[in-house]
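Among the features that Swiss-Prot reports, (6S)-5-formyl-5,6,7,8-tetrahydrofolate binding site is placed at R25, E87, R126, K457, with the record citing sequence analysis. Annotated GTP binding site per Swiss-Prot: 233-238, 252-258, 277-280, in sequence order, evidence recorded as sequence analysis. Here Swiss-Prot flags N233, T252, I254, T257 as K(+) binding site. Residues or ranges marked as Mg(2+) binding site by Swiss-Prot on the basis of sequence analysis: S237, T258. The domain 'TrmE-type G' annotation in Swiss-Prot covers 223-377.
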Amino acid sequence: MITREFDTIAAISTPLGEGAIGIVRLSGTDSFAIAQKIFKGKDLNKVASHTLNYGHIIDPLTGKVMDEVMVGAMKSPKTFTREDIIEINTHGGIAVTNEILQLAIREGARLAEPGEFTKRAFLNGRVDLTQAEAVMDIIRAKTDKAMNIAVKQLDGSLSDLINNTRQEILNTLAQVEVNIDYPEYDDVEEATTAVVREKTMEFEQLLTKLLRTARRGKILREGISTAIIGRPNVGKSSLLNNLLREDKAIVTDIAGTTRDVIEEYVNINGVPLKLIDTAGIRETDDIVEQIGVERSKKALKEADLVLLVLNASEPLTAQDRQLLEISQDTNRIILLNKTDLPETIETSKLPEDVIRISVLKNQNIDKIEERINNLFFENAGLVEQDATYLSNARHISLIEKAVESLQAVNQGLELGMPVDLLQVDLTRTWEILGEITGDATPDELITQLFSQFCLGK
């Protein structure tokens with residue numbers, strides 16, 4: 001009996017809906033045999049690998065022509081999954097792609113689970129776990145810089161760094177083991193405390209340096225979470241729309257019309273800015289609006305950046321002062337909106353430099369982008385073209401654990417503990433790093449990771 005892991009799977013690999021092309025993908029030992037049953041054209045078993053072949057998809061039971069197609073035939077092992085792959089290129093459309101998928105399933109294929117094609121690439125050694133995760137990052141990338149990080153990870157930059165470090169740790173462990181078991185060998189360098197500590201300090205410094213890229217990598221991957229706050233009707237939603245250059249939030253003259261948290265992305269110098277337009281924070285008896293206010297407070301706590309919008313044409317209110325207070329420990333930019341009207345706000349009572357804007361007149365909006373650029377990019381040296389970045393929360397957590405384990409080794413060596421007693425912590429470091437690439441990852445976690453992928457990938 002063919003196991004579920006190695007039967008033939010099929011799925012639609014293009015987004016459902018109308019389009020020029022739709023693709024139904026098959027992977028597995030029986031891909032060619034199944035496709036041949038429903039394809040009228042060249043014998044797919046005899047065509048050269050990695051070729052496109054013209055023909056028609058036919059229902060073998062009725063003889064009905066389903067569509068005019070081009071079939072890509074790719075023979076293992078030089079494929080994404082390292083299995084035989086068939087890609088049926090149809091005319092785009094929900095009905096035709098679904099019909100062809102159902103034909104493939106009827107003739108012996110199984111509907112693929114989310115991410116199962118990439119999972120097979122991992123199980124068959126085509127990619128490691130970091131590269132598989134990079135595939136999803138490429139799909140989800142919102143800017144060119146985020147995509148570049150994912151492409152470097154797919155190319156193996158992070159894998160190489162982790163694998164090389166694991167190998168060096170393994171060499172150190174082997175050296176310690178030989179010294180313990182065969183002390184009479186003179187041709188092996190003695191694993192003294194000084195020798196081992198020099199190496200483990202190098203490992204710790206390398207991984208700590210990698211951890212320093214985590215904040216920048218997370219920003220490039222996920223964006224700068226930016227909360228737009230202010231009392232009701234100061235122009236928060238209008239500012240959001242202006243930055244997005246389209247109407248996504250409800251903009252009216254009635255206070256309290258944003259009753260929930262609205263999230264949108266805008267591209268700032270190749271980095272995604274996740275704009276969160278919060279409900280105005282104020283006391284209210286409206287239950288729905290109260291929920292929005294609570295979510296706004298939560299968004300404020302979690303934001304990387306806060307844009308506090310004040311009304312320049314009115315004196316500071318108690319609500320304004322409350323917002324100034326609760327946002328004072330955040331990375332904040334204060335915006336004075338409605339500067340096209342006479343200014344009455346007391347700027348002397350504001351704690352920092354402000355940016356005067358008029359969303360209505362589209363004045364000084366570019367200065368907001370300049371300030372964000374200075375805060376996060378130029379001053380922080382955000383992007384280095386050839387650097388390897390940590391951007392995945394799973395990777396960051398595991399590297400932190402590996403550093404902690406190495407710190408335990410180094411502290412033990414400092415206290416004069418015998419090297420052999422510290423083997424456990426050093427071995428644990430080696431195992432933790434293996435979880436990043438998938439060499440030592442529980443099956444349940446692997447299943448969970450790939451379940452986040454879309455069907456057909």
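A Cβ is built for glycine as well, from the same backbone N, Cα and C atoms used for every other residue.
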Nonlocal residues around E87 ((6S)-5-formyl-5,6,7,8-tetrahydrofolate binding site), in sequence order (Cβ under 8 Å, 6 or more apart): S13, I23, V24, R25, L26, V71, G72, M74
Nearest-integer angstrom distance between the alpha carbons (Cα) of S237 (Mg(2+) binding site) and R126 ((6S)-5-formyl-5,6,7,8-tetrahydrofolate binding site): 47
Listed binding-site residues (N233, S237), ranked by Cβ neighbours within 10 Å, top entry: S237
Integer Cα-Cα distance in angstrom, R126 ((6S)-5-formyl-5,6,7,8-tetrahydrofolate binding site) to N233 (GTP binding site): 55
DSSP-derived class (H/G/I helix, E/B strand, else coil) of E87 ((6S)-5-formyl-5,6,7,8-tetrahydrofolate binding site): strand
Binding-site residues compared (R25, R126, K236) - the one with the fewest other Cβ atoms within 10 Å: R126
Overall pLDDT of the domain 'TrmE-type G' (223-377), taken as the mean: 75
Secondary structure of R25 ((6S)-5-formyl-5,6,7,8-tetrahydrofolate binding site) (DSSP, helix/strand/coil): strand
